[in-house]
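These features come from Swiss-Prot:
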BINDING   Gly71, Phe76, Ala122, Glu123, Arg135  S-adenosyl-L-methionine binding site
Amino acid sequence: MKLLLKYFPDLTEEQRKQFAALYELYIDWNSKINVISRKDIENLYEHHVLHSLGIARIIRFRAGSSVMDLGTGGGFPGIPLAILFPDTKFHLVDSIGKKVRVATEVANAIGLKNVTFRHARAEEEKQTFDFVVSRAVMPLADLIKIIRKNISPKQQNALPNGLICLKGGELEHEAMPFKHKTSMHNLNEDFDEEFFQTKKVVYVTI
């Protein structure tokens, strides 16, 4: 939790309680259903929660916005973002039912009211949203092809509607076909920890 407060000092008391509760909840659920590698669970706040919140370094979702988290796994980046933006609606989708169950149980346990869940493949989701977020789900070209149908034409945020991905490593080749619509933000500009040296937020206007 100290790590989160280092970078997000203005969290409300409710948000602090919700973030603080995540550790024990994920420890418990991860012992039953593996959604985070066993060796990485100790790094929950750095590698998963803070990483998810990297998206907030490029956008502050406005009240009433809608966001789909595609391939949410155990709830990342959707659950941390839903805590940070309580007036934004988040829809978390994953093709693996047991992972959706973990995310649902965690969200219910901390009292999140602005999240919905669906066990489905990306191709099956027909609703539209202001943004789609994801964390290293698949190559950019494949992801854009799948989610183009899910981006609403109605604009209400400072950034035009589109796709926001958390990715790592060398991405120039992957982003090349979309270079005129893509911007990359290096998270090592915001977060000091070694983990973020190669981590990026990739934004693509759709």
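Quick reminder: no glycine exception, Cβ is built from N, Cα and C everywhere.
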(request) Using Cβ-Cβ distances, find the residues under 8 Å from Gly71 (S-adenosyl-L-methionine binding site) that belong to the same chain and are at least 6 apart in sequence, listing them in sequence order. (result) Val93, Asp94, Ser95, Ala122, Ser134, Arg135, Val137, Met138
(message) Quick check: in three-state DSSP terms, what is Arg135 (S-adenosyl-L-methionine binding site)?
(response) strand
(request) Find, for the listed binding-site residues Phe76, Ala122, Glu123, Arg135, the residue with the lowest Cβ contact count at a 10 Å cut-off, counting only other Cβ atoms. (result) Glu123
(request) Kindly assign Ala122 (S-adenosyl-L-methionine binding site) to one of the three DSSP-derived states: helix, strand or coil. (result) helix
